[in-house]
């Protein structure tokens, strides 16, 4: 399900409106690697603050500056162009001196830190991100304030944001054409975008179905449960439901939904039947990820922002700060606050 307007809300549909990203400075993201660089090694880590530049462009410019092939430059995650973001780039430079990045002239970018590390920085190898958002032109301060309290206590649906689906949902449209052999997709990046969009749409559809049935916080027989903050999961057995529900209520466990691929969903019994029914209509996308041998995975149904705080600048503008684990979308938090908000599209 790619249309966010069709997805169910956890706290009911918001009534307030407002704007996000009126300026790049209203959307600030600071990467949290979750570890300290070693200080030595064959990898050069460069922390960059950028505005108006996407991640791939900066990687290309760093490769050119350091006289390296693009494949020698990596990063932990893609960051929005329409924002102020701080992220690390990794340059593989064994036996080479560290370049003097103070001479790098790249509009919209500042090098904040340079160090060495022993291991390559790969996609997903970060703990999370710190966000500072400013919502402007808020129509109802009282409602947004009440929703901020609810979100801090009860979280939000862990939906993939519209960025995942491309401009006007183009990634999904192309994925369906590819699945039906109406187009050929040779570029590796595009294949990855289309497959990710397909799995994300199916995940969103299952999460929305659980919310619609008021089962986002109810353990079903056969549910795939995850220890909070961990990636591994286990299946809920019939004789353990009461104990597992208590652990879920205490915040020790989280219910997961599928990122379908070439393999079983992972759930059993009632939960499996629920997910299969929820995925009705997604046979084309499901067949694509199976055909392309994408590995099945699971992802938490709900997202709990950490270190959440907010301050009103005036009656129509509020600054909201929070931390999210890697792979989560800040716009999924905003979606529970505002009925509609201005946002920037991300395409392939």
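A Cβ is built for glycine as well, from the same backbone N, Cα and C atoms used for every other residue.
Here is what Swiss-Prot records for this protein:
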BINDING   27, 129, 329  substrate binding site
ACT_SITE  80  active site, nucleophile
DOMAIN    155-303  domain 'TRUD'
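The two recorded residues residue 80 (active site, nucleophile) and residue 27 (substrate binding site) have their Cα atoms spaced 9 Å from each other. In terms of DSSP helix, strand and coil, the domain 'TRUD' (155-303) has 73 helix, 22 strand, 54 coil. Per-residue pLDDT, averaged over the domain 'TRUD' (155-303), rounds to 95. Apart from 27, 129, 329, the residues listed for substrate, the same chain places the Cβ atoms of 29, 80, 83, 131, 133, 324, 328, 330, 331 within 8 Å of the centroid of those Cβ atoms. Site extent for substrate: the farthest pair of Cα atoms among 27, 129, 329 sits 12 Å apart. The Cβ of residue 329 (substrate binding site) lies under 8 Å from the Cβ of 159, 160, 161, 163, 164, each of these being in the same chain and 6 or more residues away along the sequence. Using a 10 Å Cβ-Cβ cutoff, residue 27 (substrate binding site) registers 23 neighbours. Counting other Cβ atoms within 10 Å of each Cβ, the lowest count among the recorded positions 80, 129 belongs to 80.
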